[in-house]
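What TrEMBL annotates here:
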DOMAIN    57-305  domain 'Glutamine amidotransferase type-2'
ACT_SITE  Cys57  active site, nucleophile
BINDING   Cys324, Cys470, Cys528, Cys531  [4Fe-4S] cluster binding site
BINDING   Ser371, Asp433, Asp434  Mg(2+) binding site
Amino acid sequence: MAQSDSGNCCAKLNKDECCQKTKDVVLSGVSPKMFPDKIYKSVQPKGEDATGMTCECGVFGAIACGDYPTQLDIAQMICLGLVALQHRGQESAGIVTSLGKSSKNFSVHKGMGMINNLFNDEAIRKLKGNLGIGHTRYSTAAASEVVNCQPFVVHTAHGALAIAHNGELVNCESLRREVLERGVGLSTHSDSELIAQSLCCAPEDVSEHDGPNWPARIRHFMTLAPLSYSLVVMHKDKIYAVRDSYGNRPLCLGKIVPVDAGHANINDQLAEGWVVSSESCGFLSIGARYVREVEPGEIIELSRNGYRTVDIVERPDYKRMAFCIFEYVYFARSDSMFEGQMVYSARLQCGRQLARESPLDADLVSSVPESGTAAAHGYARESGLPFGEVLCKNRYVGRTFIQPSTRLRQLGVAKKFGALAQNVEGKRIVLVDDSIVRGNTIGPIIKLLRDAGATEVHIRIASPPLQYPCYMGINIPTREELIANKLNADQLADHVGADSLAYLSVEGLVKAVQMNKAHVNPLKAGYCTACLTGEYPGGLPEELSW
């Protein structure tokens, strides 16, 4: 079910309850699960067949250049951008648009479900605007409910403010206390609402006689919250694109060009508008071209006149950049660009490095489709072994699959895959996958291949063993659920019925993702490997009291 609203999308509180400095006014609904029995913000797997990690969220923003009203269909562009980011979250979505003329009213449509189900022609027509932001969500902190759908909209003394967030605040407990101590009520336990409320108050050392200084407010928030977030913030006729100073979550900038622009140099092409997105994978489908990544700590202002960097918040000198390395391994779409290289090429290098570290004499290299395919191609090229498909994926099996009978459980039915028997029979197979989380999927696949006639099945994993939870926007199971904390590689091979099993090393993974990336200053490079090593860039989070 979707909810649609135009104009006032928040209910006003008593002004005495709001921030006394700006007399900002807040608006939101109340969640019936506002105080869950949780020590930390971890979300249980959705559905009984949940087997691995789930990504966090995707954010998208678009603004037209030149005179308004624009000829660009901004709402449709945002919708298509969110479709391209659907792999980052499938629980809920929302779009907020602005005509850019009034600071009081936004058009809003959001709800639970997939993009194509939420945004029909009627919904898109109501989202009139010359700029807008959108969000697609997988919950990692707050419950999967309509009240937590983004973008969040709050009404302030300076007009409506909309915000969409990808990531998770490591120090959300101290920020929550600070907001509550100002007399501001919070109606959800979402980090995104917390960010919105934090932006409502101007820092004490900032003068705002001529109106709100949003860059200064954003900077102040960034000094309070070091990570993890990529944000798109909209107020009246501007969008701010923000990335935390560690660069933990991705965010990139694109240029909307004329339809007949072709492949001319991006600098020579006329800008019809600008877009900002968690990933670049959807740019071509809306007539946009990839420009660059938003730098760690950078605040970019987008307006009808173009874009400009308004501030950069530096991290401490002794801290390195901490881009989530699992964006390369698993989360991002393979046609997205990070650090000047396509994700597909990094995954290919992971497979090559895996072949160097764990070579095998076999007849065929294959993959668990589709996430392991690029790495499998890399393994095959480096080893000189032929690549061939051995599994056919059933794309119509959802999370609500009926539990199999005792006989089917004994067969180890692989409900998402079928075996290509003619490619398998009599073969020694190297099967490459991107990761193993709980370890309850690979066993049925191995049995399926053996039943189809495979003589040997060797498992190669194009990432190191997952051993630690993530506190920065990725729903990784607890340490007790992670199979790598219970069994080493040889034990796991016996457990799942493989002839052998080997992981890529942490050093090998870092080497692989750096192989083809654009040259950068070493002081501005670095990856978060916390889920692999337990070394968290911002330290462990505070225990929550709510």
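Each Cβ is built from the backbone N, Cα and C atoms, and glycine gets one as well.
Where the annotation comes from TrEMBL, it is an automatic prediction and has not been curated.
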Roughly how many angstrom lie between the C-alpha atoms of Cys470 ([4Fe-4S] cluster binding site) and the residue listed as 'active site, nucleophile'?
15
For the recorded [4Fe-4S] cluster site, whose residues are Cys324, Cys470, Cys528, Cys531, find every other residue on that chain with a C-beta no more than 8 angstroms from the centre of their C-beta atoms, and list them by sequence position.
Asn248, Ile325, Phe326, Met472, Ile474, Ile476, Thr529, Ala530
Neighbourhood of the Mg(2+) site (Ser371, Asp433, Asp434): other residues with Cβ within 8 Å of the Cβ centroid, in order?
Val329, Tyr330, Ser367, Val368, Gly372, Ala375, Val432, Ser435, Ile461, Ala462
Distance from Cys528 ([4Fe-4S] cluster binding site) back to Ser371 (Mg(2+) binding site), taken between C-alpha atoms, in Å:
21
If you count the other Cβ atoms within 10 Å of each Cβ, which of the binding-site residues Asp433, Asp434 comes out on top?
Asp434
Which residues does Cys57 (active site, nucleophile) neighbour through Cβ under 8 Å, counting only same-chain ones at least six apart?
Arg88, Gly89, His135, Thr136, Arg137, Tyr138, Gln150, Ala164, His165, Asn166, Gly167, Ser278, Gly473
Neighbourhood of Cys531 ([4Fe-4S] cluster binding site) by C-beta distance under 8 A, where only residues 6 or more apart in the same chain count:
Phe326, Leu466, Gln467, Tyr468, Pro469, Cys470, Ile474, Ile476
For the domain 'Glutamine amidotransferase type-2' (57-305), the mean pLDDT of the predicted model:
89
Could you give the Cα-Cα distance between Cys324 ([4Fe-4S] cluster binding site) and Asp433 (Mg(2+) binding site), in whole Å?
19
Using a 10 Å cut-off on CB atoms, tell me which of the binding-site residues Cys324, Ser371, Cys470, Cys528 is the least crowded.
Ser371
Pairwise Cα distance for Cys528 ([4Fe-4S] cluster binding site)/Asp433 (Mg(2+) binding site) [Å, integer]:
21
